[in-house]
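Take a look at the structure set out below.
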Amino acid sequence: MAAKDVLFGDSARAKMLVGVNILADAVRVTLGPKGRNVVIEKSFGAPIITKDGVSVAREIELKDKFENMGAQMVKEVASQANDQAGDGTTTATVLAQAIISEGLKSVAAGMNPMDLKRGIDKATAAVVAAIKEQAQPCLDTKAIAQVGTISANADETVGRLIAEAMEKVGKEGVITVEEGKGLEDELDVVEGMQFDRGYLSPYFINNQEKMTVEMENPLILLVDKKIDNLQELLPILENVAKSGRPLLIVAEDVEGQALATLVVNNLRGTFKVAAVKAPGFGDRRKAMLQDLAILTGGQVISEELGMSLETADPSSLGTASKVVIDKENTVIVDGAGTEASVNTRVDQIRAEIESSTSDYDIEKLQERVAKLAGGVAVIKVGAGSEMEMKEKKDRVDDALHATRAAVEEGVVAGGGVALIRALSSVTVVGDNEDQNVGIALALRAMEAPIRQIAGNAGAEGSVVVDKVKSGTGSFGFNASTGEYGDMIAMGILDPAKVTRSSLQAAASIAGLMITTEAMVADAPVEEGAGGMPDMGGMGGMGGMPGMM
């Protein structure tokens, strides 16, 4: 086992604070509308220029192992805030630095670290409650656009696109961010249910210009098995041919004689048909077929339920107003399923989300909810260079998370004003003097974000804090224009969830660091240790002539 270095007490905390300050100082310069850029070197390719706090934090690794531990713990603050609300990483880092530096001063002055932590926790709980009281619902498109704009560093186009996407696919809809091909940002909305399976044969294509299969008012056959026997399909095909409507077959697979017959009948014009593979794999495929059945008002033909294709009733077929299939995707628009059955299914999936512990499963379940309840919107980010593209994509991702958080828990006045207003409504008292010091230092730290926003904008932080404190309600400092006024009226809003999560993450890690009494790290390996001994030069070569 490698030798370890151990530090105790004040010397451990001092080292830790150095690391905290290095990381936080690099991250906090990005805060606010006038936040500065940070340039990050990459081992391969061009450097990255970013204003995203968590991207800066992730890149920082310090040489000194004790200092690095401090930096990594603050990095955890940014990650926690990002995981909970998807934004607010820089605010969380600024708050953590303020609480930690004040807290460690108090510990050095001889105060009880555990009481300080209890005081910080009490103050945090009181401020969180005050933020929740300040929150106003964020329901209209204008407010959503304003939140998106603020989070995307005052990029109004991004805010507008996110609001438009939410309006079109609903609050439950899937909104994804992709790299676009041009200079302009674009919004692409897919209405209806889309899944990533294309046609099984190009001979099904009926729109040669777009290379797609398009069906109006089709019948939809859903089968939970592989179809390769034509005899199984014949009864259904005869019924469909009589109806004169097109048929879409969604099955585990369609191959061999069955697929060949479908292709031949389609080419001859006997009836219009197309086949696609069912989405997903294993149990997820079964669940998604059931989703499709509920959406289209049909039934899954499953041998597990004692059903077979030969005996399938025409009433088990689903319907939709339109189906569009290309090489990679199938879109079912306006399925005939009842709203009540769709809502019941959505509630059922949401219950699964609540009980699931796997991030991957939760993501897939949320996608299913979105496909049933809303739709899918893709924001395509445009930029002039690859560097700009990466930076902008990060900002759009942040803005998207912020707007979702705003819809979830409402909005508060932005620019650090919500934390300042929370101070005036908090009346919490500790059980002893050391707890009161913890409460006081945590409340004082609430001023740190507005000081930093003002400082990054070239204003004097203390002057701005005093002026904002003298006002009431949503009166604050607009760092973008350098003016004071009503933040909500000016459209400067923060999601309450982001502000709350930032504070809770900062207080949690700060409490742990203040109560740290010892640090253990690998001792540095001395240069040359464990290598081969010195050979002492090569003697005895004296008589050789010099080489030209």
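Every residue, even glycine, has its Cβ placed from backbone N, Cα and C.
Swiss-Prot lists Thr30, Leu31, Gly32, Pro33, Lys51, Asp87, Gly88, Thr89, Thr90, Thr91, Gly415 as ATP-binding residues, and of the candidates Asp334, Asp486, Asp494 the one it assigns to that same site is Asp494. Long-range neighbours of Gly88 (ATP binding site) (same chain, six or more residues apart, CB within less than 8 Å of its CB): Ala81, Asn82, Ala402, Val498, Thr499, Ser501, Ser502.
The Cβ of Thr30 (ATP binding site) lies under 8 Å from the Cβ of Arg36, Asn37, Val38, Thr50, Lys51, Asp52, Gly53, Val56, Thr90, each of these being in the same chain and 6 or more residues away along the sequence. Within 10 Å of the C-beta atom of Thr90 (ATP binding site) sit 29 other C-beta atoms, taking all shown protein chains into account.
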